[in-house]
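Pulled from Swiss-Prot:
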| type | residues | note |
| --- | --- | --- |
| REGION | 1-52 | region 'Disordered' |
| MOD_RES | T24 | phosphothreonine |
| REPEAT | 409-442 | repeat 'PC 1' |
| REPEAT | 443-479 | repeat 'PC 2' |
| REPEAT | 480-514 | repeat 'PC 3' |
| REPEAT | 517-551 | repeat 'PC 4' |
| REPEAT | 560-589 | repeat 'PC 5' |
| REGION | 623-645 | region 'Disordered' |
| REPEAT | 692-723 | repeat 'PC 6' |
| REGION | 708-903 | region 'Required for interaction with UBLCP1' |
| REPEAT | 742-757 | repeat 'PC 7' |
Amino acid sequence: MEEGGRDKAPVQPQQSPAAALGGTDEKPSGKERRDAGDKDKEQELSEEDKQLQDELEMLVERLGEKDTSLYRPALEELRRQIRSSTTSMTSVPKPLKFLRPHYGKLKEIYENMAPGENKRFAADIISVLAMTMSGERECLKYRLVGSQEELASWGHEYVRHLAGEVAKEWQELDDAEKVQREPLLTLVKEIIPYNMAHNAEHEACDLLMEIEQVDMLEKDIDENAYAKVCLYLTSCVNYVPEPENSALLRCALGVFRKFSRFPEALRLALMLNDMELVEDIFTSCKDVVVQKQMAFMLGRHGVFLELSEDVEEYEDLTEIMSNVQLNSNFLALARELDIMEPKVPDDIYKTHLENNRFGGSGSQVDSARMNLASSFVNGFVNAAFGQDKLLTDDGNKWLYKNKDHGMLSAAASLGMILLWDVDGGLTQIDKYLYSSEDYIKSGALLACGIVNSGVRNECDPALALLSDYVLHNSNTMRLGSIFGLGLAYAGSNREDVLTLLLPVMGDSKSSMEVAGVTALACGMIAVGSCNGDVTSTILQTIMEKSETELKDTYARWLPLGLGLNHLGKGEAIEAILAALEVVSEPFRSFANTLVDVCAYAGSGNVLKVQQLLHICSEHFDSKEKEEDKDKKEKKDKDKKEAPADMGAHQGVAVLGIALIAMGEEIGAEMALRTFGHLLRYGEPTLRRAVPLALALISVSNPRLNILDTLSKFSHDADPEVSYNSIFAMGMVGSGTNNARLAAMLRQLAQYHAKDPNNLFMVRLAQGLTHLGKGTLTLCPYHSDRQLMSQVAVAGLLTVLVSFLDVRNIILGKSHYVLYGLVAAMQPRMLVTFDEELRPLPVSVRVGQAVDVVGQAGKPKTITGFQTHTTPVLLAHGERAELATEEFLPVTPILEGFVILRKNPNYDL
C-alpha cells in the first residue's frame, strides 16, 4: 500500500499495534486502538476472537465430560480450527494461542482416555500444541503415539519443529538403543520428502546430517532439487570433521551420478582425491562430448588416466588430458587480446616514470645482480608466449651478462618463455646443451624440464634428455637436470622417473643442495600419493646425515619432499612423525611441523591451526644470551647454518596456518587477523614468515588490506622481513597487472635504489605482477575455488619454504628455486569450443561470484557483470555465465576450456 493510502478508505486491513501484540487481524475502531494500551489483554479481543476462544474452551470442556460419543466431533472440530487458521509467519496461530492455557488439561484428558482411535487423535492435537510450549520434546512424544496421519496436513512450521526435536532425541539415544531409533527413522522418512517438495532442501540435509543418515537423501531427490542439495552438501564440507566430510562428498557424488551429471561428479571425486572413482566416473560416461569436457577438467587438475586404446576417440581424449593443446589455445587468447608483442624488463620497470634527479635508476650500473633480476622478469612477463627480446634471438649475448649461477637461472628462463610448447620449445633450447659453460648447460636442462611442465608427451622428451645428467660428475649439472625432471613430471607419480632420481639422494658425490633438490623433485613427482619408496629414501637420507649436515640450510628441502609426498593426506603421516623422533633438535621440530602442515594442506582443519598457534607462541630466550658470547667466534660459521636456531619451525608453523586455512574464506579471514598480531609481537623468525603466509593465503588476489600490510613491512628494520614482504607483494598480485601494486613497487624501487638485495626483490615482484602479461595466475584453486591443485601447491610451497632463509637461498646461489612457481602457473582464461573442439566465440557475462547456497528459487549467481565475447580472462573471485540461450555448457562451471552444445529448445 502506498504512503498516501492511509488517509483513504481502508482497502486492505493494516495490522494495528494491538494486532501485533495480540495477533488479531481485525482492525479495531480508533477508540479501541487508543484504549488498547491501558486495557487488560483479555479485553483486547475482538468479537470474533472472543467467539473463537469460547468455542475452543467449550470443545476442551466437552472432552472432559463423561460422554465419549462427543469426543470424536470435538476433536474433529479442534483439528479443523487449528488447520484452518492460516496465519502470518510471524505470529502464533490463534487457536494454538487460545489453547495454550488448556495444554495441561488436554494432557490429563489424554491420559484418562481409553486406548483407541480417539486417544491417538487427541495425541495428534497435543503434538501440534506442544509446538507452542517449550516442553521436553512433547511434540515428538505425542506424534509418535498419535494416529500417524500425513505430516503435511499440519503445515511447514510443525514439520520444522518436529525435525528439530527428532535430531535432539537421536543424539541422546546410544547406538545400543537401535529399537528406539526405528520410530524416529520412520518419521524422518516422512519429513524428508515433505521438505524436498516444499523448497526446504537444506533443512532436509541438516536433519540427515544431524542423525548421520545422509545416504537416505538419494532416493527422495528429484530433477529440480538435486543441484541445490549438492551445492548445500558441498558447502558444508568445510565445516564438518573427518570422516563426515568425505561422507557428504560421496553422497553428493552419488546424487550427481543418479542424474548422470558426470562433470560435477568428477569434480567431487577429485575433491576426494580418489583416483579409482575418477576413472570409474570417466569410463562409465558414454557421451563422448561429456568425456572430452571431463578430460579438459582432468588436464587442468593435472591428472592423467591411462585409457584403454579401444575407447572411442582415444587419441582426442588422451591429447586433451595431456594438455598438448594448452600452448596453442593460450596463444590464440593472446592474439585475441592483442598482447603478442614481446616485452622487455624496462617496459615493466617503467624507469622513465621514476623521478630521479640524476636520470633513471636503471642506467647507472649494469650489475650481474640486476641482469639476473631482468632474466627472471623477462621470463615471468613473456611466460608461455614463445618469444622475447633477450633470449630467443641471440641468447648468448644476454647469458654472458650473468655470472656463474646467474647463467643457470638466465638459461632456464628460456624454458619459461617457451612454456608448454614441447615440440617447438626444445629445439630452441637444444643449442645451449652444447655450451662449454656447465652453468648454461645446467640451465638449459632445467629449461627442458620447465617446458614440459604440466604437459604430457608420448615420447617423454624430458626424461630422455635429462636422465643422463642426474648422476653427472658436476653437481651443477645434477641440479638443473633433477629440478627439471621434478617440474616436468610433477604430480605424475611416474615410477621410472622416481627410480632414476631416488639413488641420487644417497650418492656420496651429491652435495647437501643436490640431495635437497632431489627430495624436492621426488616430492613434486609423487605429490599427495604417499609413495612408499620416496618416504623411505628421504627418511633414510635424513637419518644418515650428521648433525652438522642437517644444519645446512638446504637440509630444509628433505622434510619438504616428505611433506609434499603426503600433501593433504591427513592422518597418514603418523608413522613418519614417529620415525622422525630419532633425529636431533632443532631439525626434528622443523621436519615434524613441515610434514604435519603439508598433510593438512587446504583442509581448513581448525584444531591443527590451534596447535600451530601454540608453536608460534613459544619463546626461546636462554639460547639468545649464550649466542651473544659466541657471536665473535661464530661469525664465519654462521653463513651456512641457518636453520640451526631453535625457532626455525615457528616460521614453518606460520606458513602452515596459511596453508591449512587457504581452503575456505572464513578460516582465511581469521588467519589474517592472527598474522597481524604475529607481525607486531612475534619473534624474528615468525615475522619473517608472516609476509610469506600472507602471500600464500591470497595468491593472485591483490586485496587492498593485504597489500597495505605488506607495503608497510617492505620498509621494516629487519631486512629479511622487507625482502619477504616485497616478494609477497608480487605473489599476491601475480598475473593481475594491478595498477596500484605496480605503482607501489615503482616507489619501492626508488626507495631501495641503492640496496641491491631489496631492489632484486622489487624487480622479482614487478615481474610476477605482470606474469604472462597479466594472463596467468598462480592460484592453486580452480573450478570456482573448489578444487586445490596439488601440483600448484607443491610449487608454491617449494618457493615459500626456501624464502624462510631468503638470504642464503634466494639471494645466495639457489635462486633457480623460483622456477618452482612454474608448477603453479595456469592461464586464467575461459575458452569455449563447439562439440568438434573448434573455438566458438559466444557472449558471456563475467561478474563477481555470489554465494547462493541455501537460497530459495533461482537466485543470480553473479553481480556487477560485464558482457564479453570468449575467449575472456577471469579474475580472482569472478564467475562467468553464458549470455545466450543458444548454447548449453556441458559443465556448469565456466572456467578454462568449456565445450558448448546447441540448445535443442532454442528458437531462432
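Heads up, the Cβ atoms here are built off N, Cα and C, so glycines get one too.
Broken down by DSSP into helix, strand and coil, the repeat 'PC 1' (409-442) contains 27 helix, 0 strand, 7 coil. Listed by sequence, the residues of this chain that lie at least six past the ends of the repeat 'PC 2' (443-479) yet keep a Cβ under 8 A from its Cβ atoms are 302, 304, 321-324, 326-327, 407-416, 418-422, 425-426, 429, 432-433, 435, 485-490, 492, 496-497, 500-501, 503-504, 507, 509-511, 513-514, 517, 791, 816, 819, 822-823, 825-826. Summarised by DSSP class, the composition of the repeat 'PC 5' (560-589) is 20 helix, 0 strand, 10 coil. Across the repeat 'PC 7' (742-757), DSSP helix (H, G, I), strand (E, B) and coil residues number 12 helix, 0 strand, 4 coil.
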